[in-house]
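Pulled from TrEMBL, these are the features on record:
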- 27-48: transmembrane segment (TRANSMEM)
- 41-290: domain 'G-protein coupled receptors family 1 profile' (DOMAIN)
- 60-79: transmembrane segment (TRANSMEM)
- 99-120: transmembrane segment (TRANSMEM)
- 141-158: transmembrane segment (TRANSMEM)
- 201-221: transmembrane segment (TRANSMEM)
- 242-261: transmembrane segment (TRANSMEM)
- 273-292: transmembrane segment (TRANSMEM)
């Protein structure tokens, strides 16, 4: 009864937790609060990284890229989820579903590569400190960031096209919160083994290869950190790397559990939980992980707030 008679036959129906309607109001509040925190945290990191001269470094250039990405990541799904949780209909138009699928995949793919680039930046800073300004010069950082975004959107174009072109024979009811590859492939009315193989190869390339590079990079970083004589310098290096590793763990292991498996073995409850984790929880926590564990960012935030206070009180 929650599907309007006026809904188009091209619309997709997103069940979410419709079978447990008592969860919808608490989830609406949780998602709304998380989205507000994600907006506030990521926008703050972007502004501070761009405006504070003391954060004008490759590390914070990539951190601001990550914050912008997470800002778009949550915006691609959460507003639609909030509408479906509180509104009488649980639908999304065909065009909206395709756009959401493409953008969500593109941003997720970009984040995988960007986290690997950030690991390389930490490797260059810790293992090659004297050559760091040359290795990570401004031009190279811009090229690396641009390549990351282009690669992510190119990968999404392939995966989205393969998913959308799969015959569904009129099936349009998805037991999920938003349009995602595993949920859409569950609607297929034809043999999808070829699709599964192609998508698993792409998922392995975009998830497992960057993760392997990150872990390999941190082996060299760990060796270099252990050779640092100054306890303060060692702790600063460890603190920065720990923040990045925590973000990597939160994002990669939940995404791998969803995408590096045959969609035919997709578990609806586990899929929903994992999707909520890497689609909402991780982008919300990322700026606070970097802020709460990073003295430079906290100092920059204090300077920005102090400056704003004095401007207003004059």
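Here the Cβ of each residue, glycine as well, is placed from N, Cα and C on the backbone.
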Positions on the same chain near the transmembrane segment (242-261), where near means CB under 8 A and six or more residues out:
66, 108, 111-112, 115, 118-119, 122, 180-182, 199-200, 203-204, 207-208, 210-211, 214, 218, 270-271, 274-275, 277-278, 281-282, 285-286, 289-290, 293-294
Recorded stretch that, among 27-48, 60-79, 141-158, 273-292, has the most CB pairs under 8 Å to the transmembrane segment (99-120):
141-158
Let me spell it out: take the transmembrane segment (141-158), skip the flanking residues so only those 6+ beyond its ends count, and list any with a Cβ under 8 Å from a Cβ in it.
58, 61-62, 65, 102-103, 105-114, 117, 202, 205-206
Please indicate, using numbers and ranges, the residues of the same chain that are 6 or more beyond the transmembrane segment (60-79) and have a C-beta under 8 Å from a C-beta there.
31, 34-35, 38-39, 41-43, 45-46, 49-50, 100, 103-104, 107-108, 110-111, 114-115, 117-118, 121, 141, 145, 148, 177-178, 247, 279-280, 282-284, 286-287, 290, 296-297
If I take every residue in the domain 'G-protein coupled receptors family 1 profile' (41-290) and average their pLDDT values, what number comes out?
84
